[in-house]
Amino acid sequence: MALANLTSAPEFLLLGLLDGTDIHPLLFLLFLGVYLLNALGNLAMVVVVRSDGALRSPMYYFLGHLSLVDVCFTTVTVPRLLAGLLHPGQAVSFQGCFAQMYFFVALGITESYLLAAMSYDRAVAVCRPLHYGAVMTPWRCAVLVAASWAVAHLHSLLHTLLISALSYPCAAPVRHFFCDMTVMLSLATSDTAVAEAAIFSEGLAVVLTPLLLVSLSYARILVAVLRVRSARGRRRAFSTCAAHLVVVSLFFGSVLSVYFRPSSAFSARYDRLASVVYAVLTPSLNPFIYSLRNKEVKGALKRGLRWRAASQEL
């Protein structure tokens, strides 16, 4: 069926963030500013983590990869969103639609596993501070990152193949600003029961695994913090995890509200708004949440700016 789709070349019409044919220049400027802020913040975080010797701990290693994923994650969807605000009803090819879906799902799952790896890192730092260096070795950190990428791409490949094998009408309207799984399932004209069952069961395992790891890590952190007698010590322990906990709550909360409900409960308006949260806002907030609450990151940024100013003077 996927080969038949390719030969018949069905097209999809992306209706964008809002229904209708009106252009929205103010929203265009707003999302363009958010996207540029996202690119600037996350790329700056990648450069700082890679170049500053003071940020060589595992936490910043994971943070650098998370920032790189966030830039790619938003780049998959936001340019289409911006184009749709000025030119609603853009046509997208079958290949382009499912290529976008593949990278969107792969990068989203990679982000969830990186967040789980960061929560594990924080749990080791709080619960086993004396053994932190022995547990979070560079080799183990590299394995966690590589596994995050590998699992995410295999998961995305399975979902993309299952959904692309369904039948679709020509020039079908997509009530979204990108080709999302839930939207494409709602558009299919063939039976989606098998695809939905496979996607729901396998997706539940893949998505809930990092969420379970995050929950277990923070349960360990909470138990360890409650054993600390001094209020100052508790505040210090919680401060190392607060930024990460905010990011995790925003990301997983919006993802679960969209993907883990039956297709009969599909709501285009709700899905589009929730998708803005996890596909646009959360990746844009990540570098600022981490940098504004972290003295080491702010210090590295200041050193980088001073070095740049000094090199320009010379």
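A Cβ is built for glycine as well, from the same backbone N, Cα and C atoms used for every other residue.
The transmembrane segment annotation in TrEMBL covers 26-48 (among others).
According to TrEMBL, the domain 'G-protein coupled receptors family 1 profile' annotation covers 41-290. Here the domain 'G-protein coupled receptors family 1 profile' (41-290) has a mean pLDDT of 83 out of 100.
The transmembrane segment annotation in TrEMBL covers 60-82 (among others).
Packing against the transmembrane segment (102-120) from elsewhere in the chain are residues 59, 62-63, 65-66, 69-70, 72-73, 76-77, 141, 144-145, 147-149, 151-153, 155-157, 159-160, 178-181, 206-207, 209-211, 213-214, 217-218, 241, 244, 247-248, 251-252, 255, 278-279, 283: each is 6 or more residues past its ends and has a CB under 8 Å from a CB in it. Marked as transmembrane segment by TrEMBL: 102-120 (among others).
Residues or ranges marked as transmembrane segment by TrEMBL: 132-152 (among others).
If you look up TrEMBL, you'll see 204-226 (among others) marked as transmembrane segment.
The transmembrane segment annotation in TrEMBL covers 238-260 (among others).
Residues annotated as transmembrane segment in TrEMBL: 272-292 (among others).
Within the chain, the transmembrane segment (132-152) has long-range Cβ neighbours (under 8 A, six or more residues past its boundaries) at 58, 61-62, 65, 105-110, 113-114, 117, 120-121, 124-125, 206. Long-range Cβ contacts of the transmembrane segment (26-48) within its own chain (Cβ-Cβ under 8 Å, at least 6 residues beyond either end) map to 17-18, 55, 63-64, 67-68, 70-71, 74-75, 78-79, 81-82, 85-86, 280-281, 283-284, 286-288, 290-291, 297, 300-301, 304.
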